């Protein structure tokens, strides 16, 4: 009997969904190497491989069979062939621009454990999609708002979330599209460097974000009375400022946030929050010659930085701080811990911290490849983002389920 790959779901799954992988028709205790590959929208190749030994019956089920040393990972890791995908081009990041088309995953089984792949025994293709059947993608150009709304299938009302990305600018849709598959009406909101929005804003006006909140609450398919915010990095900082100054924010999930204004000041009505001073000379070169920028921000909990501190204590919303303990861009664990001490001192209990060891600045949805090095959004030099492959991958899976549980509870 020829070897074949059995996948469940068979032909297509959502990108954040586990994929069961098994091989049948091998020889008893046969040594094989499994390899996965996918190309991003620019054609760059990502690959992972792992070494396995079939059972006495010639079956190999990745949920029960540990990978042997020598591949991209080892041990019992049923999803290792997805989360361990790494770019052939150094430091290239897997990004999804067009969420309406899936990534195509290629799986191959080769004979043996050699440095070079042996004979090809079986291959299969599988689509990793961002939109479940029936999820609608609606471009939003209302007033000043530049965004994309993702609506779950059906005519019901759904809890509303605004998803705000980091300092890269533009419109970022993958996280919002994946959340909509789980029953949330999610608005991916751009706030600069997109269409007619400012290229280099001198200030971020919270009135713009207020307009987005009002748009969501007036939408017939968004269940009130308030919305949730999901922000990453600068976007998490924006989300906390929104919760401090705007009405109708019920819950904020913050991914590795500075707790103060950074790089671009905030303004709301007649109030300005100036941005913290950055000390580029405090960047440290690592032995890999990349820069560690974790110490360049003024400490917002010490004067004179504290006028840049976001007054999070004014927020009525529930706050979920998700932090990587090895974040090398923002001292996010320190910031979250200090701000929660302040909240506690004021008798507030509307916060929780999820802190992940071995996790750096990027906490993406599950199964996005780990990205240890990136371009610093301000200095445009190669920067250490922090974290380790296996720990980061586990953190992404855990944090993603916690984010959904949090929003279900409070929205």
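Each position is counted from 1, following the chain as shown.
Each residue, glycine too, has its Cβ placed from N, Cα and C.
Keep in mind that what you see is a predicted model, and the values were worked out from it rather than measured.
For the domain 'BAAT/Acyl-CoA thioester hydrolase C-terminal' (205-411), the predicted model reports an average pLDDT of 95. Here TrEMBL flags 205-411 as domain 'BAAT/Acyl-CoA thioester hydrolase C-terminal'.
According to TrEMBL, the active site, charge relay system annotation covers 233 (among others). With a 10 A radius on its CB, residue 233 (active site, charge relay system) counts 26 other CB atoms from all the protein chains.
The local packing around residue 327 (active site, charge relay system), expressed as other Cβ atoms within 10 Å of its Cβ over all shown chains, amounts to 25. Per TrEMBL, active site, charge relay system is recorded for 327 (among others).
A 10 Å cutoff on Cβ-Cβ distances gives residue 361 (active site, charge relay system) a total of 27 other Cβ atoms nearby, all chains included. Positions annotated as active site, charge relay system by TrEMBL: 361 (among others).
Here residue 327 (active site, charge relay system) is positioned 4 angstrom away from residue 361 (active site, charge relay system), judged by their C-alpha atoms. Across the structure, residue 233 (active site, charge relay system) and residue 327 (active site, charge relay system) are spaced 11 Å apart at their Cα atoms.
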